[in-house]
Structures are given as C-alpha cells and as structure tokens.
Amino acid sequence: MDYNVKDFGALGDGVSDDTAAIQAAIDAAHAAGGGTVYLPAGEYRVSGGEEPSDGCLTIKSNVHIVGAGMGETVIKMVDGWTQNVTGMVRSAYGEETSNFGMSDLTLDGNRDNLSAKVDGWFNGYIPGQDGADRDVTLERVEIREMSGYGFDPHEQTINLTIRDSVAHDNSLDGFVADYQVGGVFENNVSYNNDRHGFNIVTSTNDFVLSNNVAYGNGGAGLVVQRGSYDLPHPYDILIDGGAYYDNALEGVQLKMAHDVTLQNAEIYGNGLYGVRVYGAQDVQILDNQIHDNSQNGAYAEVLLQSYDDTAGVSGNFYVTTGTWLEGNVISGSANSTYGIQERADGTDYSSLYANSIDGVQTGAVRLYGANSTVSSQSGSGQQATLEGSAGNDALSGTEAHETLLGQAGDDRLNGDAGNDILDGGAGRDNLTGGAGADTFRFSARTDSYRTDSASFNDLITDFDADEDSIDLSALGFTGLGDGYNGTLLLKTNAEGTRTYLKSYEADAQGRRFEIALDGNFTGLFNDNNLLFDAAPATGTEGSDNLLGTDAGETLLGYGGNDTLNGGAGDDILVGGAGRDSLTGGAGADVFRFDALSDSQRNYTTGDNQADRILDFDPTLDRIDVSALGFTGLGNGRNGTLAVVLNSAGDRTDLKSYDTDANGYSFELSLAGNYQGQLSAEQFVFATSQGGQMTIIEGTDGNDTLQGTEANERLLGLDGRDNLNGGAGDDILDGGAGRDTLTGGTGADTFLFSTRTDSYRTDSASFNDLITDFDPTQDRIDLSGLGFSGFGNGYDGTLLLQVNAAGTRTYLKSFEADANGQRFEIALDGDFSGQLDSGNVIFEPAVFNAKDFGALGDGASDDRPAIQAAIDAAYAAGGGTVYLPAGEYRVSPTGEPGDGCLMLKDGVYLAGDGIGETVIKLIDGSDQKITGMVRSAYGEETSNFGMSDLTLDGNRDNTSGKVDGWFNGYIPGQDGADRNVTIERVEIREMSGYGFDPHEQTINLTIRDSVAHDNGLDGFVADYLVDSVFENNVAYNNDRHGFNIVTSTYDFVMTNNVAYGNGGAGLTIQRGSEDLAQPTDILIDGGAYYDNALEGVLFKMTNNVTLQNAEIYGNGSSGVRLYGTEDVQILDNQIHDNSQNGTYPEVLLQAFDDSQVTGELYETLNTRIEGNLIDASDNANYAVRERDDGSDYTTLVDNDISGGQVASVQLSGAHSSLSGGTVEVPQGTDGNDVLVGSDANDQLYGGAGDDRLDGGAGDDLLDGGAGRDDLTGGTGADTFVFAARTDSYRTDAGVFNDLILDFDASEDRIDLSALGFSGFGDGYNGTLLVQLSSAGTRTYLKSYEEDLEGRRFEVALDGDHTGDLSAANVVFADDGSAAVASSDPAATQLEVVGSSGTQTDQLA
C-alpha cells in the first residue's frame, strides 16, 4: 500500500520542517504490516532528534521510501542544525530491521549551512551483539553535501544492495560498507567526496562491487581495509568492472584484507598508486587496465607492501603474501617508477602472469620476495609450483595454494595450509596435505604400486574425506569394485588403521596399482573426493584462459569472454556465457552448449557474443546442441540451424534465425570452410522429447522405420523400405529402392534427393508410394531434382496423371536417363486440381520478362511487365526473371520507398550483360526514388539479387533524387534482408547513390560491378554484416567511390578500384548520427587514386585493416585516420598524394564530435607496417600524427621518404618507430615526441619542449631549444648540447633538459660546443656537479649568466655524483669535440622535430 506523505501533512515547500509528517507516514506503513511511503516532487526539510542515533527519519521493517526521482524529490537538512546526526534516514538503533529501503530521491546534508556532523543513510545492528539488519535495497538515490558520510550501512547487515546511485561532495566517504555480509554495490558513482569514494571495512565479507565508478575524491577511489580497530579483516570481496580515476591518493587500496579479487576495472590518473596492496593476503588482480597514475609524485602503478601494525591496535606485522596478478595491461605515466613493485619488507609469494607493462620510468617489475615469480605465460590456477628432483626430496608448502611435484625418488611432500595439489611422481612417497582442500594426484599407475613380493605404494597421511580429493582421472579406472575389469578394491587392514585402494590387474612387470591412506575410510569415498573422471577445469564469471592436458577432461568457462583449449585427449568444452574462443586440440572433442545465450548474436544492436571454434575436425569432433532444442540442419527456422559460409570463404557460421524477445538468436562460428562437410553425424541434436526432431535411420537392406509422436526425420537409405512417421511433423526420405511412405498425422514432407530414388522404366516400376498425402498440410520436396513445375512431362516438367479407377495419382517425367530410368512417384488417391507450388516444391524457374509484355525498345514503360514477371517468380516459390538484351524504360510506382521494381524472396533479375540489358528511368521523372530496383520496405527479404545488366538513372533528363539499387530492413527493428547477390552490374547516371544496400543486411555480395557518374557515392555499405565487395570499380561519382558506414561489421573488400571521384576513393565512417561505428573491416588489395579528397578515409571506426593496396594521386592525404582505434595499415604503396594542397601522405588525427556525441575521438593503436610511403612534392609529411591526443601509433619496417617538413612526426607519448628506412627530414620548432629505432639514430628536437627516445642502438640526441626530456635507451648514446640556451635556468624559472637514463659506463654528454673547460665550482667556465636534497637528481650547473639572466644547467635522473668524469662528459679542451659531428653516413636514421603549427589544410 502507498502512503503519500502529503496526506500526513508534509508540504515539501523547501521551508517547512516536514520531519514529523514523513515519520507519521512511515509509522503508519509499518503499523499496517508494511508499504511504500511516497514523497512527490519537492524539497522536504528535516531535522534531527535528541540523540545522534535518532537520525531525522527512522525507517522500519517492510517500509520503503520512494520519491519522484533524483533531484525531483529532495530531503534536506534544515539550516543551522548544530547536533550530530548519524543518518538523516536510518534504521532504529538496537532493533533488527528487515526488508526496507529507499529509491528515487536525493538526500541533501546542507553542510554549508550547519555546524554538526551529518551522515546521509545509516543502518545496522548493535556491534558485537547477536542480530542484524536484513534485505536492504537502495536504488537510484543521490546523497550530497553531507558533513559526514554519504551512504553508511554500518555494522551487521545481511543482504544489502545499493545500485544506480550517486554520492558526491560529502565530507567523508561517499559509500561505506561496514560489517556487510552477502551484499552488493552495483553501478554506483562516487565523486568529489573529501575522503574515499568507496570504503569497505570491518569484517565485511561475501561482498560484491560491480561496475562502480569513483573519481575526483580526496582520498582513494576504493579502499578495502580493516579499519582502525582490531577486528576481523574484510574477506571474500569481488570487485568486478568499473573505473577508479583522478582520485588524490590511490585508485584502489587493499589494506589488511584477504581473499579479494579485483578484475576487469580501469584505474588511471590517480595521485599515488593505481593499486596498492598493503598488508593483505591472497589478493587476485586480474585483467585490469591500470595506467597513467602517479600524478602527484614518483610511485609504482601497482605496489605490494606489508603493513607494520606493531605499534598499532593489533601489535602485528601484516605481510602481503599470495598476490596473483594476471592479464593486466599496465602503462605508466611520466612519473611512474615501476609497473609492479614489491617492497623488500617480507612481501612474498607474488605470482605475475601474462601482464603487459610499458611506459614506466625505472623498470617493468621489481620483486624482492624469494618465492615471487613472473612469467609472460598464463597462470595454472595455483599460486606457486614446488618441484623436486630425481632424488629423495622433502618439499614443504606454505599458506598459499601450491602444486608440489615430487618427481622420481622416495619423496616427502607437505602442503601446509592452502588448497594444494600433491603429485609424488615415481617412487614410494609420503604425502601430507595439511590444512585446506588438497588434491592428491596420480599421473601414472606406476607412481604407486605393489608386486607379489614388495610394496612401493604412496601413503597419504592426513586425508580429509570432507574436503580433500584423490585424482585418478589419468589412470583409466572406472570406479570402485573388486579390483578387476578396471575397478579398484577398497580394503582396510585388520586393525582398521589403514585403507588401501587396490587393483589386482598387473602390468607386464607384475606391477599393480595401489595407494595407502592412514585411517579407515570405509563408506566415506564418493564422486567428490575420489575422482575417476577428470575434474572439470572451471573458469569464473570473468574472462578466463583454460588449458587442458593430454588427458580427456571437461573445461567449463562460465561467464566472460573465455579462451578454452582442450589440449590432447577427448575433451568436452563448454564456453558458457560470453564470446568464447574454443580449441579442442588433438582427440575427438565435443563442443557443448547448455543455453541459447552461450553463443548468441543480435543483428539489431550489433552485439556479437557468438563463440568461435578454431579447429573443428568433422571426422572426429562433434557439436552438442541437444540442450537447446535444435533438431537438425536446415534453413535456420523452426528449430534448425543454417550452415552459412561467409563472403571471404574462411568462416562457417551455424545460425538460427529465430530470435528471442530481446532480439538475440543462436549463432556459432567455425574457422574454415565446412560447406558440404557437415551433417547430423557432426552434431548431437535434441532428442524426440517435447516435439523436437530426431533422426531414425535405416540400412542398405529392406527396413521398416516407425516414428513416434515427435517430429522426426526418417531415412530409409537403400532397399525396399516401409517408413511411417507416426504423429508429428516428419520428414520422410526413402532413399533408393521402391519405398512405401506414410506420413501419419501432422504436416509431413516427402523428400526426394535424386531422380533415381523413385522411377520407372519401359518394363517395370520402381516408384515410391505415398499412402496418405494431405494436400492441405503435407509437401513433396523435389527442389533438388531440376524440375521446373507441372507440364507434359517433357522439358523439365512433370505430368500429373490419375489412373482410370481414380485411386492413384502419378507425377511422371517422360525424359529417361542413359539407363532408361524416368522419374515417377505415386500417391494413393485422386489429387487432380489439388497439387500446386504450395505443396510440391520445384526448382526455381526462369521467367522471361518479354513473356509478360516487356518490349525493351527504349521507349515503352516496361515497369508493369517486369514487375509482373517478378511477382510470378515469387508466387512460384522463386526463380530468375530474365531480361534479354534491350533498353527497358521504367517509371516510379508511387512513394520513394516503392522504387520502380520490387524484388522479393527467391527472385533474381538477370540480363544479357552490362550495356546489353539496360534498365533506364523514363525521361521527365520528377519523383524521389529510393532504389530503381529494391527490396520491399518493412519486409525481411532473402535469397535475391541481380546480375548481368545496367541500371541507368538518366539524371540529365529527370529531377528528384534517384538511387540505383536499394535494399535493407527498417532501421532499429528486429529483422534483416539476407543472402543478397549482385554480380556484373553497372549503375550509372543516378542523381543519388549507385549501389545503396542500406540498413540491416546479412550476407550481401557485390562483385565484378561498376558504379560511375552518379550524384552521390558509387557504392554504399550501410549496416551490412558478413558481407563482401569484390572486384568492383567506382569512378567519376560526385562524392565518394565507396562509403562504408553505420554499424557495418564483419565486412570484406577485395581488389576494388576507385578513381576520379569527387570525394574520397574509400570512406569508412560512423556517419552523422550517434550510431555504432563500423568495425571488423578488411580492405585487401585494389587501388584508390586520382580522387579529389583522400584516397582512403577512416573516420570514427575501429578494427579496420587496409593491406596490399596502391593509393596515389589523390587531392589530399593518401590515407587519413580521423578518430579511429585499432587500425592496421599493412604492405601498401602510398605515394604522390597531396595533389591539391599541403597534406601528409598518411595523417592520424583526433575527431571532435562535440556536435553529436560530445566526445573527442582520439586516433589510438594504429599499426603501420611494411608500407612504401613516398611523399609528393606538395606533401608536408610522409606520416604525421597530430598532437591532439592521438597516440599508441606503431611504425614498423616501412620504407618512408619525402615530406617538406619531415618524413615522420609522431606526437603521442607512447608512439614509436622502428625498422625500415626513413629519409632524413628537415628540423622545426614544435613540441615533439621523437622515437628512434633499433638502429644508430640521430634525433634532433629543434625548438619546443620535446621528448626524445633513442630506443636501441648507439644514438645521438640533441633536444635543441626548449625544456626537453631525453632518453637514450639501450646502447652507447651521446647527449649533445649545441648552445648554452638549449638547457638553462633563471632566477624566475627552470628550463633545463632532463636526461632520464644516463649510463655512465657507456653514454656521454657532449658539451664541446659550449666552451666549458671541465668540472669545478660553476664559475670561470666550469660546471658544478650537485645532487638534489632528496638524492634523486644530479645537476651540471653554471652560475655564470648571459645578458638575459640565463645560466646553463642540465639535470640527470639519479645520483651520478660519483660517476661523472672526463670519460663521459666531453668538454671543449679534451680533444673530443668531433663527437658532436659524427659521420651521418654511419647513422641509419635521423628523426627531426616538427612545428606545432597545423599546416595540413584539412576541413
């Protein structure tokens, strides 16, 4: 029941104190057994009670407070309040409150107008007492301007949820979780709070934080910690997703906590560490993006350290142990010291696997723990591996989860605490698991055995049947039994103190498997602790990497985008939810799907969660879809799966076209071409339960097959068979031989696969007999036999004939094969006038447009006649409409969306060739036409197309925008056109687009076609999926040659050519609306030349590859990347562009989309490799990356030359150049980032504040004027200063250069041009060597000023006071001045800085 507070006297006028009225409504709801207290929009002022714990409003069991929305309904503290308030809204102190909460409103603490500590929300039971608040829900709540905490669920609460809520501008933490059990924070935002964004403290456990965001807070973004009292630490905490950025301290701090997982989050821009693990145990940090932290000083991106609480409340020293870091991408800021740093304070047992680390200043990883490890490979699931030798070893574990491998010898293994795996290997081993759930693994029968005369069995000393397990899955035993036939006998000794698992089957050496366990385990073994089959390798709800072994096993990925590899053995792979990558490996593997959502796709939203099988072997492997209800292969409808080969021919998709309520349908991809190789043998389909179909198969003999009430497929094969489908909608295929076919009840299909399945000769009959054909629901499928329809039995037709008695109907061909066999089937009964294309399926026919009245004389309007032929083909179930050579004039039919000619399912237009068959718009047409030839608006059309003809828009003699070809389903609706093929078609003289497949089309192919002299683009691909443009030409179109836009993905362009177009040759772009970007595009081969703008323009798109193309002679840039991500430009020839102005050959820049999305799209992660790039005389650069946020560009092994300003300019802090050749450019005066290669490079920064990085090789770095950062990289590098004003300071400011990695043993600083004579006191032409007070930076300083007050100074990172000498600093009088002008011929690469002025002249 709802209780409106205004009915209780609340005013919500922002002035009156409404506390009493709202509380009265709460009390009334509680008295009635519960209800909703509703606060309409308004500002409700409230005041506190006598004690802080009285709060303002006390909520009670079964009561929920609901407003009209955040910012609409506001509960605000009265002005001038002076007493602390522990929760403006709170549960009652000392009472257990349950099933209560708050939603859709704002709490405002009004902290600027009061003088007390006020918290927003508070609930929880008395600390240390037996009791708890339960089932608390807060949704869509904003808490702001508190002088205390925002959300403060405090002490002993079970099952609290806070979601979709916001805390900001509060004096302490935004969100607190204090002693919360089984709760969740989901999709919340915490910003601009004076302390932490989220603070998880004091015994909180079994708690989940999912997709929360914290930024701009005065403390950390997220803290999980014990707190200031000696209480149990937080544990079993999962932090999944979300972002923690721009906070003053850490992004995430885990302090005195254990068993915490942080995964799938982005953590960046924080003042100190990105992640700090501080006296915590068993922390997992998985698959996060951690970057650009350490904004307020020099810190590691991830720090692992112990916490000294010996002088604190516990008196303990908390060592950080068992930290697991895997799959993280870590990139440092300019201040970041290490990617991952372990302090030398006892921190140990850190395990680092497959992390990507770059951009840090000191080193990627620094580990001090004796047992800490780092690997580039993925982890195995255990936190460490202890391995013995071939001798007698004693291995002892720790509190971590470890794998102990004894190898050969009589070993003693002790796992200690943790969930350990113990594998003694060969020899007689003594195995002690210790505390935790341990697994005793046996990898070979000879690891533990006895003979008739001696025992060599292993002894397990402390097996716990409740939590330990014995893994025998590699040994081939089937279970417990009598010790024979692959079983094991369980036997105890006479005293009952020892248990044996024994096999009595000996090998050739008389060895029979046996293990011993201390204790009596009779009746205690079960499937959970005695594993005969391999235990499943299980993932998590995150993105996991599971790798099998040589044994047969089951891999369960669960949620996330998992990678499963079965290895050898006959494995079962179950990816679970998410987009998974599945590799069976060697053996006969089964890929199993347990839910439709395990592998699904939504063509409306573009969400692709389809799994990929990478190594399917149709001779061994199988795909199990039995749990999904699929009954067989088919057309993708009604419980079948369609087999669809993609346009490139390198991927086979299994697709259902039946969507769920959210628009998702099942889809699965197999790498490779499996057309013709897939049948029911490769699948496990649904059983016959619940109306689903199964297969009943005969032999080569005379079979009787009987169906059931289910939908079944009966295959008679050879022989004289009798098939009866029974009930259900069945498919009956008798195969060869004279068969009798009875469908039974239901809508049955009688399928004939070859003409010899049912035939007669001149002397005998071998025809099949259908005994119970029902023309109203049954069908005869002859689609594969080549018959076009009913007729006289000749010319590919069948004669319908009834016997004289009227008791039998025949379908007969009189055309015999070489053996005199002519097709014939018989039906019991007289079906005269009852058989047609609705119940007999023929092969699509050819419909000549001239038979319908078309003239093709270039004058008559042939539209009605051609449309009649199309309609006839459609009515016949599909066919080809043939237009002989001629010019067919057509007119519009009505609305723009009606076009001229409307194609339908299964219908293809075909002519006699380009220029021979011409469909041309009539003179004088003044109507807009969205497709002269098109599919129907609002209908899903499939299996249609056009070939061997020309469409002519006649634009000189018409008005109105006219497009050539158009197809596609309604944008944003659930549906799509499918399987569209256009071949050898010319489209010309349109006032609009040429080819315009527009919105939601799956599997379209346009090949060997031409578009020219059209008013807009030649070819458009708008929301195309799994489609291809191949061997097409677009020229002289007024806009772009090819335009790929709006959500198009999984798209291939092969060997297309675009020239002479008024825009770009090829554009791939999002378009003008805020829609999904095109993605997963491959452009392979072809040429793009002599276009007015770019040769190729990529704009607001991602995951595009451009390779093996030639791009030249275009008006602006050859290739322009404009707000893109993850683009590859590989092995192209790009030359002689920039014909209409001054542009780079290849330009990378950000796109300002403030007018549509409000976003700035930076160009990121571009790879340019193996290209020949030769700038024209007009080009200012061969390759230029704008200084606009574009970054992470990688140039590898290119041949680059030319450029008026420079050959290469890279402005991104993480961009790099290596390999190949780059012509020597001219220097300029901007703020540059110059990166050398592995060769011996010369880097000249010019003026500006530059960043120079020599990379590998013996490099020369000259920053020039400006305050420069100089990194030599590996090799013997020389830092050259050509003028005293290149690096200096004044009394007012510092403009010195900084050398970041000076190595006194091989690098040199060349000051020979400056006139200094050596080291000294900084006067009389000497330089003083001075160390900073922190001991972290060394300066070379002169105290002698020039006329402008500038005195030379250079800074070096680190303490070099003891290693600078004449051997590594070159002064004017030491005879080594020649170093500054080393022979350029010996230098393989020179990179010169660039101007900050944009000279590209691009719109």
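A Cβ is built for glycine as well, from the same backbone N, Cα and C atoms used for every other residue.
Marked as repeat 'PbH1 1' by Swiss-Prot on the basis of sequence analysis: 133-155. Annotation source Swiss-Prot lists repeat 'PbH1 3' at 180-202. Look at Swiss-Prot and you will find 204-226 tagged as repeat 'PbH1 4', backed by sequence analysis. According to Swiss-Prot, the feature repeat 'PbH1 7' maps to 320-359. Taken from Swiss-Prot, the feature region 'Disordered' applies to 372-395, 408-428. If you look up Swiss-Prot, you'll see 406-422 marked as repeat 'Hemolysin-type calcium-binding 2', on the strength of sequence analysis. For 424-440, the entry in Swiss-Prot reads repeat 'Hemolysin-type calcium-binding 3'. The repeat 'Hemolysin-type calcium-binding 5' annotation in Swiss-Prot covers 574-591. According to Swiss-Prot, the feature repeat 'Hemolysin-type calcium-binding 6' maps to 697-712. The repeat 'PbH1 9' feature in Swiss-Prot is assigned to 1001-1023; the stated evidence is sequence analysis. Summarising the annotation, Swiss-Prot assigns repeat 'PbH1 12' to 1101-1123. According to Swiss-Prot, the feature repeat 'Hemolysin-type calcium-binding 9' maps to 1227-1243, an assignment based on sequence analysis. Among the features that Swiss-Prot reports, repeat 'Hemolysin-type calcium-binding 10' is placed at 1244-1261.
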Long-range CB partners for the repeat 'Hemolysin-type calcium-binding 2' (406-422) (under 8 A, at least six residues beyond its ends), listed in sequence order, are 382-383, 387-400, 428-441
In the same chain, residues at least 6 away from the ends of the repeat 'PbH1 3' (180-202) whose Cβ sits under 8 Å of its Cβ atoms read 132, 150, 153, 155-174, 208-227, 229, 231-232, 234, 237, 244, 247, 257
Counting only residues at least 6 beyond its ends, the same-chain positions whose CB falls under 8 A of a CB in the repeat 'PbH1 4' (204-226) are 173-175, 177-198, 232-257, 260, 267, 270
Same-chain residues at least 6 beyond the ends of the repeat 'PbH1 7' (320-359) with a Cβ under 8 Å from one of its Cβ atoms are 274, 277-295, 297-308, 365-379, 383-384, 398-401, 543, 545, 1213-1214, 1269
In this predicted model, the repeat 'Hemolysin-type calcium-binding 5' (574-591) has a mean pLDDT of 90
